Amino acid sequence: MKNLHSLFLASAFLAGFCGSSLAGEREGVVVSIKPLHSIVSAVMQGVGKPKLIVQGAGSEHVYSLKPSDAEAIEHAKVIFWAGPSMETFLDKPIDTLGEGAKVVALGDAKGLTKLKFREGGPFEAHDHGHGGSHEEEHDAHGSGDHDHAAEVAEEGHEHHHHGEYDLHFWLDPQNGKILAADIAKTLGESDPEHAAQYEKNAKAYGEKLDALTREVAAELKPVKDKPFIVFHDAYQYFENRFGMKAAGSITVSPEKAPGAARIQQIHDKIKSLGATCVFSEPQFEPKLVKTVVDGTKARTGVLDPLGAELKDGPDLYPQLIRNLANSLKDCLSK
């Protein structure tokens, strides 16, 4: 009897495997990076859990796809990522392994506040690999009031004007709210049975992010006008939302070490502006930051745009935003 039961379970497993993989059926949700995975997780609560590609302290700038990642992409029904200019390591795998899945570049979500890359002076020139013109002109230095941000609401996910826009859009919690609604819509179309649950979750998460936005704005108000330097220019969405003032970045690409002239330029900028803090990131060696602040009165801190040390899941994203605020306030208020 026991052997018969084991045989039945084995047969059922094989039948399920053949019915999905061999028949080409897709199931499950895959997300590229931790902040976006957190928002998707919140929308999917009570229904399922998405698969995360870049885990732990990994960075989308230098990540190499693992066999388990490739397998997840191959069988995914829905794939969420920021877009081809952010997670370049996913370009080819999505085109090949992801063929047949619904692939959603969240950088194209309707209604997002989108900001152009900052260039010139303390902000090093960017390489617009996927460049393309846009119908509207936007403020390239959107680190002030929200009115300076570009509200782009084009045609959903069909267009890919990533080259001129900064894709760290999730660092504005109000963008996070828009993403949650967009994700709920996408999941509801792929899984109509749970569409109402996705919508309910997204609404609740949006309300949570509204409260978080108010909380962070109040916390940062005393240090809004204090200049600081960041490791790479990833934070202008956060700055724009909360009226912060980055004076420059050490490098535009974390995987590309700046030259001696660039380091000297930032060093001089710190001295001339009296920049209070220079921030590193946990994904990369802090040696450059130490070199830049040497001989100045600037302190050092850590800003994490990905939630490297946070536990994956729906709570990661709000905690990431809160941690950015805490790190800025702690360093700038000393």
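Along the chain as shown, the residues are counted starting at 1.
Including glycine, each Cβ sits where the backbone N, Cα and C put it.
According to Swiss-Prot, the signal peptide annotation covers 1-23, on the basis of sequence analysis.
Annotated Zn(2+) binding site per Swiss-Prot: Glu60, His61, His168, His232, in sequence order, evidence recorded as similarity to another entry. On its own chain, His168 (Zn(2+) binding site) has Ala234, Tyr235, Gln236, Tyr237, Pro305 as residues at least 6 apart in sequence with a Cβ closer than 8 Å to its own Cβ.
Residues annotated as region 'Disordered' in Swiss-Prot: 120-147.
Taking a C-beta cut-off of under 8 Å and a sequence gap of six or more, Cys331 (disulfide bond) has these contacts in its own chain: Phe228, Thr276, Cys277, Phe279, Arg299, Thr300, Gly301. Residues or ranges marked as disulfide bond in Swiss-Prot: Cys277-Cys331.
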Within 10 Å of the Cβ of His232 (Zn(2+) binding site), how many other Cβ atoms can you find? Include all protein chains, please.
23
